[in-house]
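I have placed the structure first, in the form of structure tokens, so that the comments after it can refer back to it.
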Amino acid sequence: MKLLLLCLGLILVCAHEEENVVRSNIDISKISGEWYSILLASDVKEKIEENGSMRVFVEHIKALDNSSLSFVFHTKENGKCTEIFLVADKTKDGVYTVVYDGYNVFSIVETVYDEYILLHLLNFDKTRPFQLVEFYAREPDVSQKLKEKFVKYCQEHGIVNILDLTEVDRCLQARGSEVAQDSSVE
């Protein structure tokens with residue numbers, strides 16, 4: 001009987017954990033706010049290596065009235081953290097486009113609004129298209145279980161170049177600039 005109750009308890013815990021995961025009909029107003037870049041992956045390694053054009057670190061996402069998303073990122077240029085502001089336009093449910101290092105189409109794969117968000121991007125630059133997968137969290141780091149979930153997703157999509165950004169300088173010292181604070185006012 002005790003074993004049965006233990007199993008039932010574990011099932012309820014797992015079901016509760018999974019019920020918070022949103023994979024469709026995402027309420028973008030709930031993803032507005034502060035985020036941290038945790039993991040980054042691409043099928044073109046040089047894009048995410050140090051000084052790679054797609055090695056950017058998110059600070060803030062804001063849902064705009066027209067359903068677009070504005071992003072505040074930081075990147076390292078010549079050893080210094082530089083802010084980048086981008087606006088991604090919504091094309092259909094959960095699909096966005098933005099021009100940065102080529103033409104990009106991305107979707108929100110899944111989110112737990114108060115914990116993490118997983119984005120999958122296709123970039124069409126002049127040389128060759130590539131995939132990029134980004135994992136952001138509300139806190140500076142996440143559990144090993146979530147990191148393993150990200151790795152599994154990447155492997156299922158043929159992406160083997162994966163970086164744990166919690167182990168590098170993510171320009172955390174540059175967060176909270178006056179411009180970024182102004183953009184977070186709702």
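Cβ coordinates come from backbone N, Cα and C, glycine included.
The annotation disulfide bond is assigned in Swiss-Prot to Cys81-Cys171 on the grounds of similarity to another entry. Taking the Cβ of Cys171 (disulfide bond) as reference, residues of its chain lying under 8 Å away and at least six apart in sequence are, in sequence order, Phe57, His74, Thr75, Lys76, Cys81.
Residue density at Asn51 (N-linked glycosylation site): 11 other Cβ atoms are found within 10 A of its Cβ, drawing on all protein chains shown. For Asn51 (among others), the entry in Swiss-Prot reads N-linked glycosylation site, with the evidence type sequence analysis.
Summarising the annotation, Swiss-Prot assigns N-linked glycosylation site to Asn66 (among others). Residue density at Asn66 (N-linked glycosylation site): 8 other Cβ atoms are found within 10 A of its Cβ, drawing on all protein chains shown.
Residues or ranges marked as signal peptide in Swiss-Prot (evidence: sequence analysis): 1-15.
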Worksheet, complete the sentence: One finds that other Cβ atoms within 10 Å of the Cβ of Cys81 (disulfide bond) number exactly 17
Item to complete: Work out how many Å separate Asn66 (N-linked glycosylation site) and Asn51 (N-linked glycosylation site) at their Cα atoms, rounded off.
Response: 33
